[in-house]
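Engineer: A single structure is presented below for examination.
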Amino acid sequence: MIVSMQDKGEALLSKCSKGFKSLVRRKQVDSVHVRREGHQLARKLTALDLTAIGVGTTIGAGVYVLVGTVAREHTGPARTVSFLIAGLAAALSTFCYAELASRCPSAGSAYHYAYICIGESVAWLIGWSLILEYTIGGAAIARGISPNMALFLGGEGNLPAFLVRHTIPQLGVVVDPCAAILVLIVTFLLCAGIKESSLVQTIVTTVNVCAMLFIIVAGGYLACKTGWVGYELHGRFFPFGLNGMLAGSAIVFFSYIGFDAVTGAAEETKRPLRDLPLGIGMTLTLCCILYMLVSVVIVGLVPYYALNPDTPISSAFSANGMQWAAYIVTAGAVTALCASLMGSLLPQPRLLMAMARDGLLPAFFSDISTRTQVPVKSTVTTGMLAAVLAFFMDVSELSGMVSVGTLLAFTVVAISILILRYSPPEEVPLPSSLQQFIDSVRKQLDDDSQSMERKEFNDADIVEQRPSQSEYGEASIQYPLIEKQFCEGNQDKQNPRRRRNIAIWNIALFCIGVLVLTSAASVEYLPSLVHFSLGAVGAAILLCSLVVLACLNQDEARHSFGHTGGFLCPFVPFLPAACILINSYLLMSLGVGTWIRVSIWLIMGALVYISYGWRHSSLTNAVYVPMAYLDHIYRASSSHQV
C-alpha cells in the first residue's frame, strides 16, 4: 500500500512537472527551415509603407484635443517638454521592438517574441490581451469618426439620414451606423491586399500630416505676428511645477502608442532586417516632432488657461480671426481617425493567424487567400466583430482596457530583450516526424564530441607537464598563451550554465522589485510608513539585481539567435530595465475598475487556453534538441528526401 501511494505521488509529481514545462515551452524563430505550405503572406511593404502605417496608427484625433486638456490642467507652456519626455520614454520600447522585429520577423508582434523568449503561457496572455486591445480600440475609434464628420459638415443634421446616430427606445442603446459602415469599408480594403491597403493608408496619413503642417506653419505665422502672447503671461514656463510636467508626460505617453502596429506587418516586409527598425524609428521620430511643434504653436497663440478643452486648436485659430481654419483642423481629425482605424484593424488578423499557426486557436484563422495573400477569414471575422461593437456599444468606458494590452506588451518585449541577451534558448523544438534524423545526428555528434574530449584530455596532459617546470620559470615564459587559453577554455565550459541561472534569477528578482516599487508608488490608501517601506524594499531588490546583471557578461549565443545582422538594442540591461519600470508604473496607475474588467477578460482567456490552446499546441509532441544540432538535422532530412 505504501508503495502504491508512493507511485501515485510520483505520477502526480510527474504530471505537475509536465504541466509546468508545457506552460514555459518555447518555440523557435521562424527561419528558412520553417516552410509553411499555403501559409505565406506577400512580402510587398517597404520602409515608407511601414512608416505610413505607424504614423497613421499613432497620430489619432486625440492630439487635436489632448493638447488643450494637458496644458490647462497639468503643464502650461511646458507641454512641449512633456511631449519630449513621453517621446523619450516611448523610444525605450521602440529600441526593444526594433531588435526583436529584425531578429524574429514574423507575424504576431509581442506575442511572437514572448513565445520565443519567455514561454507559451505568457505568449498566450499577451496575445489574448492584444486581441482585446485591437477589438475595443477599433470600435472606439470608429465611434469617434461620425461626430467629427458631422462637425466638418456643419452639424449632425447635414449627415445623410442612414449615417445619423439614433436611439433604440426598447433597448436604450445609441446605435452608430456610420461607425459600423466605416469598419466594414476598412475591412474590405484590408482584404484586397496588403499593398492596396497600405497605399490607402499612406494617402490618408499624408492628408493628416498635411493638416498638422498647416497648423504648424499658419499657427507659427500668426504667433509671430501677435508676439507669442502665450509665453509672456506670468513669466512662468512651469506654472504647475515639475510634478505637473511629469504628470502631463504620463498622459501624453499614450499618444505615442501605435508604433507597434509596424511589427504586426513584419512578415509582409521586403527587407525586414533593415526596414522594420527603420519604420519603427521614423514613426516615433515624426510623431514626436509633429506633437512638439503643434504644442509650441498652439500655446504661443493662446495662453494655456484660455485654451478650449474640447476644441483647442480650432478655438486658437478662431481667436486670431481664422475661423475657416476649423475646417482644415476637423478634416485632419477625421483623416487621423480613419488612419488609426486602419492601423488598429491591420495587426489583429495577423495576430490571430500567428496564434492559429501555433495551434493555440482553430486552424480557421490561419488560412491565407491564394489570390490576395492576406488572412481573409481572420480579417473578415475581426472586422465583423468590430463593426457590431461600433454599431451597438459605446465603448468609451472600456477604452482604458486598450492601454493594458499595449503596456503589457511593451513590458514583456523589454523582458524578452533581457532574456535574449543573458539566457537565450539553448534548445529548439522540432516535430516528432524528424525523430529518426534527430537520433542519428545526436549519435554522430556525441561520438565526435567524445573524440574531441579525448584529444583535449591528451593535450591537457602535455600542458600540465610544462607548468611543472614553472618553478624554474621556463614554461611560463615559453608557453604563456597555451596556459591562459587552456584555463579560460575550461572556465568557459563550466561557467555558462551557472551564469545563465544567475541571470535568470536576477531578471526575475528585478521584475519582482519593479512590481513592489510601482505598487507602493501607485496605491494611495496605504499609510505613509507602509508606502516608504515597500518602496525601499522594492528599490533595493531592483537596484541589486540590476547591478548583478550589469556585471554579468552577456551570453555569446545571442550572436547566432534568430536572424543576425539587424538592429541591436543599446545600453542593455539599463535601457530595457528603464522600459520595464516606466510601463509597469503606468500599468499600476490605471484605475481599479479597468483592472477588474481586464481580469475578467484574462480569466476568460485562461479558460480558453486550458480547454483548447494547451491541448492543441503545435509544441505538444515536439522534440527539443540543442541549437547546435539544428543545421545538421535539417541537412540530414533534406538529403534523405532527395
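Placement of Cβ uses the backbone N, Cα and C atoms for every residue, glycine included.
Bear in mind that TrEMBL entries carry predicted annotations, made automatically and left uncurated.
Under the heading domain 'Cationic amino acid transporter C-terminal', TrEMBL lists 567-617. According to TrEMBL, the transmembrane segment annotation covers 45-67, 79-98, 168-191, 203-223, 243-266, 278-304, 324-346, 374-392, 398-420, 503-523, 529-552, 594-612 (among others).
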Engineer: Quick one: do the transmembrane segment (398-420) and the transmembrane segment (243-266) have at least 3 Cβ pairs under 8 Å, skipping pairs fewer than 6 apart in sequence?
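Structural biologist: In this chain the transmembrane segment (398-420) contacts the transmembrane segment (243-266) - 3 or more Cβ pairs sit under 8 Å.
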Engineer: With an 8 Å cut-off on Cβ pairs and a sequence gap of 6 or more, do the transmembrane segment (79-98) and the transmembrane segment (529-552) reach 3 or more such pairs?
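Structural biologist: These two stretches do not touch.
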Engineer: Does the transmembrane segment (45-67) make contact with the transmembrane segment (503-523) through 3 or more Cβ pairs under 8 Å, each pair 6 or more apart in sequence?
Structural biologist: no
Engineer: Within the domain 'Cationic amino acid transporter C-terminal' (567-617), how many residues are helix, strand or coil going by DSSP?
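Structural biologist: Here the numbers are 41 helix, 0 strand, 10 coil.
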Engineer: Out of 203-223, 243-266, 594-612, which stretch touches the transmembrane segment (324-346) the most, going by CB pairs under 8 Å?
Structural biologist: 203-223
Engineer: Could you tell me what the rest of the chain brings near the transmembrane segment (594-612), counting residues at least six beyond its ends with Cβ under 8 Å?
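Structural biologist: Non-local partners: 121, 124-125, 128-129, 132, 360-362, 398, 400-401, 403-404.
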Engineer: What parts of the chain pack near the transmembrane segment (529-552), using Cβ distances under 8 Å and only residues at least 6 beyond its ends?
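Structural biologist: Same-chain contacts beyond the ends: 418, 422, 499, 502-503, 506-507, 509-510, 512-521, 523, 573-574, 577, 581.
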Engineer: Under 8 Å between C-beta atoms and at least six residues away from its ends: which parts of the chain pack against the transmembrane segment (203-223)?
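Structural biologist: Answer is 52, 55-56, 59, 230, 286, 290, 293-294, 297-298, 300-301, 313, 316-317, 320, 322, 325, 328-329, 331-332, 335-336, 338-339, 342.
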